[in-house]
Amino acid sequence: MSLMVISMACVGFFLLQGAWTHEGGQDKPLLSAWPSAVVPRGGHVTLLCRSRLGFTIFSLYKEDGVPVPELYNKIFWKSILMGPVTPAHAGTYRCRGSHPRSPIEWSAPSNPLVIVVTGLFGKPSLSAQPGPTVRTGENVTLSCSSRSSFDMYHLSREGRAHEPRLPAVPSVNGTFQADFPLGPATHGGTYTCFGSLHDSPYEWSDPSDPLLVSVTGNSSSSSSSPTEPSSKTGIRRHLHILIGTSVAIILFIILFFFLLHCCCSNKKNAAVMDQEPAGDRTVNREDSDDQDPQEVTYAQLDHCVFTQTKITSPSQRPKTPPTDTTMYMELPNAKPRSLSPAHKHHSQALRGSSRETTALSQNRVASSHVPAAGI
């Protein structure tokens, strides 16, 4: 039973470890931005810091870029409004949590959150190849280009937080361009793109004009996008988590039934061992009786002392009749024991033989007292 408890504890520990890791860690809060982490210059954004451990006091700090004086050692309750944003607000942020009873002790830092500020450069242009309207299953490529020497282009779709990025490549017409292949078109959507420089990766240009991609032959042409790597990655991650949890549950069930089978087998073996000695004793008694078929009870006869009588003549014999001499035999006391039928028959035969021997001896003694005629 102790092995079963240890196994259950191990399985529960690994499952909880996976769940906590998926949610951000055991003692780390979760930092997010609303409505989006991509904020236009002069706009506002709300940063939310949440925790499963009941933290109510949070501290926000910036890891890179230009420090923001109003955020230095800023203490807040669960959320903080940041803005109007400037290029100085662009960068990576983290938060820590604490309890009011122990404000000196802080939790581990949260997940990193990147705040992007847009509207710092001129906007690029976005186009679709072979066109903004395609058939279902047809390959679509979106091209983002500009005459500004951008180092990187970022593609954004309305309603999606993930922005794929590609380096800008000089083209023949003197522009800097990046092509985003979307694969076979299944659903449409509205797209924009941004440009940035290596020195300031979180400071983007103005967004391009929105481009609506339509897919013919599909009733929900504007409900979702063509096939994107981000959706595939999310599906795979959730699938891996589901498979791992299912395997852990199956292994736990197999281990449980195996331990149950072992316990039942041990109890059955113990019951059999308890019953074996009585049976062995019965068999041994029967064997002891059967293994001694030739046991015979013998009668031990003491040495008989015969009285020698002197033979006298008839004239010298007394007038009174002589006293008969009787011989006695003493048999040693023996404890009675139960005999088998064969033993009883053999003992009766011996006793009959003994009686005949005794009678013969008495006859011989009696004959010795008969007077000899003519002596």
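In case you wondered, yes, glycine gets a Cβ from its N, Cα and C as well.
Record source Swiss-Prot places Cys144 in a disulfide bond whose other cysteine, from Cys49, Cys193, is Cys193. Among Cys10, Cys49, the one Swiss-Prot lists as the disulfide partner of Cys95 is Cys49.
Closest by Cα distance to Asn139 (N-linked glycosylation site), from the recorded positions Cys49, Cys95, Asn173, Cys193, is Cys193. For the disulfide-bonded residues Cys49, Cys95, Cys144, Cys193, counting C-beta atoms within 10 A of each C-beta gives the highest total at Cys193. Sorting the glycosylation sites Asn139, Asn173 by the number of other Cβ atoms within 10 Å puts Asn139 first. Within the model, the topological domain 'Extracellular' (22-238) carries an average pLDDT of 86.
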